[in-house]
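Engineer: This is the structure, below, for whatever I ask next.
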Amino acid sequence: MSERRAKRPKISRGEDDFLPGNIIEIELHNFMTFNHLVCKPGSRLNLVIGPNGSGKSSLVCAIALCLGGEPQLLGRATSVGAYVKRGEDSGYVKISLRGNTREENLTIFRKIDTRNKSEWMFNGSTVSKKDIVEIIQKFNIQVNNLTQFLPQDRVCEFAKLTPVQLLEETEKAVGDPQLPVHHRALVEKSRDLKQLERAVAKNGETLNQLKALVDEQEKDVERVRQRELFLTKVDSMKKKLPWLKYDMKKAEYMDAKKRMKEAEKKLDEAAKNLNSMKEPIEKQKKEKAETDSKCKKVKNLMDANGRNRCHLLEKEDEADARVVATYKELEELKKQEEHRQERILKATEDLVAAERELQNLPVYERPVAKLEELSSQVTELHHSINGKKNQKEDNEKLLSQKRYTLRQCVDKLKDMENANNKLLKALANSGADRIFDAYQWVQQNRHEFKREVYGPVLVEVNVPNRENACFLEGHVSFYIWKSFITQDPEDRDLLVKNLKRFDVPVLNYVGNSGNQKAPFHISDQMRSLGIHARLDQIFDAPDAVKEVLNSQFGLEDSYIGSKITDQRAEEVYKLGIKDFWTPDNHYRWSSSRYGGHSSASVDSVYQSRLLLCGVDVGELEKLRSRKEELEDSILFMEETHKSLQTEQRRLEEEAAKLHKEREEIVNVSYLEKKKRRELESRYQQRKTKLESLEQEEDMDASVAKLIDQASRANADRYTYAINLKKLLVEAVAHKWSYAEKHMASIELERKIRESEINIKQYEKTAQQLSLAVEYCKKEVEGKQQRLATAKRDAESVATITPELKKEFMEMPTTVEELEAAIQDNLSQANSILFINENILQEYEHRQSQIYTISTKLETDKRDLSICMKEIDSLKEKWLPTLRQLVGQINETFSHNFQEMAVAGEVSLDERDTDFDQYGIHIKVKFRESGQLQVLSSHHQSGGERSVSTILYLVSLQDLTNCPFRVVDEINQGMDPINERKMFQQLVRAASQPNTPQCFLLTPKLLPELEYSEACSILNIMNGPYIAEPSKVWSLGDSWGSLNRRRTEASQCS
């Protein structure tokens, strides 16, 4: 078969057979299935083969992510963190691209971590993703183009591409880089063209309609303008009307101002007359004040004289009273002397009687011994009472402490019971919707059970070390946590009957006395591997609950290790431990029933969602026991307190009786002493009284003394009478003087009153004048304000200008005439009738619309012409080139398809100016009797679509402008014949001089295939025994180079 020529010139290959942009090395670390991988692909066709799951697609994902692709285009995980190898925090991908020369290598490095963060480097320097994208765009690398980069998970998407999408992808992948640019520009221009055509048609129609309406309205508009002329004249007259009213207000203001000045003049004359009448009155008031002052002085002398006279009269009355008292005292003295002798006789008799009574009173001896005995007994009782009080206080303090401790215990129990509610809520949130109802039913009906019933199991289990909770929860199935456990068959039947509606399991524990529990022992070897506990030892629960968990889930065979155990899992398995947990993973080994082969599984450890909500069951039981102990202790102490209180009350009553007896003895002693003291005091008082009566002075001396006192009092009375006479004469003189001056003052007051009456009449007249002035002022102010308002109103209507003043001169000069003229013009305007009041506005608005739309229409026509020229220009550049490109693809595709099937063709679907509808149709025929059908899932099988797809991609090989192409498992579903033909096509295409680098990933290859030097095979092997061989191949040597070395070695030997 003759070689077909290349369709267009390519960049020549270098001496190393690589093109610029080819991938020369791929390095992966902690990426998907690989710990570390270094791959050096060939320059042409690279067959990446390996079993399913070995990591072929990992290589595709690495190329896409390192060359700026997003996770979404791979059709797998949507975040870069998902591509980090499981169990690792970060990984990286490094790809080396061939530069423009053999020595120039471009290294792109991308580091990713589980937090979805990326770090980019180019040739060892940190850069941004934008810089990386710019670099790969220089080589036309498009990882988002399905014709260049077809991952396994997006193969089906390529077959689903519509003709329009297929054309877009083909333009990006092959041909002139300006093709997709011109296509997008044509699509945008065609949209603009359609919009402009619609706008021109719409505006032309609107313009014609508006012109027809304007022609109909012209006659009505002329009548409206005539009416507007009359109304304009009315408006001009209305402008003069407020100025005429302003002139009238101004004349009224000037008249009011004149009247105000006349009133002010009259007020000034009245004020002068009033001041001339006030001067004589002031002189009379001054003279009256001097007369009143003299009257006041005489009045003061009269008052002083009266006070002196009153003082003398008082003294005279006092002296008269002394005389009368002295005479009475003389008479009383005579009577007292007669009674004194009688009192002396009576006092002598009383003294003798008191002395006799005191001598006859017996002597009282106090019972001291009895009192001391009673005091001693009372003291002892008080000591006993104080002891009981101290005991009671100590008991009260201890009782208070116990009650406080009990309250704390009860509060803690409530908190822990609330924690049980949290556990029940966690179960409800996990799917056990009615677990609360089941729990409450069991609690309310516990009296009906024969033996203890436990449940839900989650409430009964306590994990002291919370770090172990995730292991136990991960090992035990969820259904067990919501289960109830009975220990009697009848209890089980009762629970099943009543809890069935709540959807909770019921398990019956019958005991397991026959089986002995395996002892827990950690050997030194296990401890060295990090094993430190067994799963059945990490939690506390009632025996029945624990036995059920052990029997159901084999907790005795599951161990707990550390991070060291993670690293030495294989050694742990060799000890016979087939199930163990580490902080991050759960390891399990199982043996095949047939061949006895062992297989291992590793699962991640997830955070506990149920057990970490729980409480310590042991602590809960301790708190309940402690609560009962405290309640018993408090009850005992309360009884003790009551007995101490009773004993104290008895001792206090006994002490009160003794105290009362002692008080009675003391009272008797006190009364006897008091009685003797009273008799002695009575005797002494009577003796003193007798001596006092005997020592009273003589009667004659007292009478002489009283007569002398009466004589002195009579002399004082005479002196007072003489002085009183002098004061009476002086008082008469003062009275006469006061009367004269007072009459003169009354006369002056009368004259002043008459003058003031006259002045008041003048003041009233002046006040009336003042009110008249104020009224005139207010009138002027009112006129002034109305004048200012009239001026503002007039100015708001129109400002006087020379032109307006000239118009005003032609109008009537009075308000009445002007108003009549306004009414005449309004009548004439109103006589012009028309149907549409807004006819003028509509006419002017339509004229404006006609102008706007005409301008817009001219602009749109001009833009339409320019747009059509631009489209024609772009179309001449784009369509011939595209037709030629599709023709070349069709030529290659038809030739390749004839070798594999019956017939196939690629055609361009042209849609005139609907450039967004242009597309590429792939039509194929696999049977001679059939017809060419468009490639789709309705007409072809999966294998036929795969053959068609790969042949289309091969047809693009020698037209492509990209450095490499990736196709993942495109031969899946092909029959052996088509697969062999397809492979030969790929090998032949790869042998072309300028064919781009190609990666073909497949899990299978047919035997006896023909290979060429342009074909490189990358065999991916993965598994537990690949570590040692990978070290041998770490240099990246190929099988061919190894064979050459062996041949050379054999020749040398």
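Including glycine, each Cβ sits where the backbone N, Cα and C put it.
Swiss-Prot lists these features:
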| type | residues | note |
| --- | --- | --- |
| DOMAIN | 23-991 | domain 'Zinc-hook' |
| BINDING | Gly50, Pro51, Asn52, Gly53, Ser54, Gly55, Lys56, Ser57 | ATP binding site |
| COILED | 182-431 | coiled coil |
| REGION | 432-616 | region 'Flexible hinge' |
| COILED | 617-798 | coiled coil |
Engineer: Within a 10 Å radius of its Cβ, which of these binding-site residues (Asn52, Ser54, Ser57) has the fewest neighbouring Cβ atoms?
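Structural biologist: Least crowded of the binding-site residues Asn52, Ser54, Ser57, by Cβ count within 10 Å, is Asn52.
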Engineer: Starting from the Cβ centroid of Gly50, Pro51, Asn52, Gly53, Ser54, Gly55, Lys56, Ser57, which together make up the recorded ATP site, report each further residue of the same chain whose Cβ lies within 8 Å of that point, ordered by sequence.
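Structural biologist: Once Gly50, Pro51, Asn52, Gly53, Ser54, Gly55, Lys56, Ser57 are set aside, the remaining close residues are Thr33, Pro1003, Ile1020, Asn1022.
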Engineer: Name the residues of the same chain, 6+ apart in sequence, whose Cβ is under 8 Å from the Cβ of Lys56 (ATP binding site)?
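Structural biologist: Those within reach of Lys56 (ATP binding site), by Cβ under 8 Å and sequence separation of 6 or more, are Val48, Ile49, Gly50, Asp968, Glu969, Leu1001, Pro1003, Ile1020.
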Engineer: Only counting partners 6 or more residues apart, tell me which same-chain residues put their Cβ under 8 Å from the Cβ of Pro51 (ATP binding site).
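Structural biologist: Pro1003 - these are the non-local Cβ neighbours of Pro51 (ATP binding site), listed in sequence order.
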Engineer: Please list residues from the chain of Gly53 (ATP binding site) whose Cβ is under 8 angstroms from its Cβ, counting only those at least six apart in sequence.
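Structural biologist: Long-range Cβ contacts: Thr33, Asn1022.
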Engineer: Under 8 Å Cβ-Cβ from Gly55 (ATP binding site), six or more apart in the same chain: what's there?
Structural biologist: Met32, Thr33, Phe34, Leu37, Ile1020, Asn1022
Engineer: Let's check the environment of Gly50 (ATP binding site): how many other CB atoms sit within 10 Å of its CB?
Structural biologist: 18
Engineer: Does DSSP give Lys56 (ATP binding site) helix, strand or coil?
Structural biologist: helix
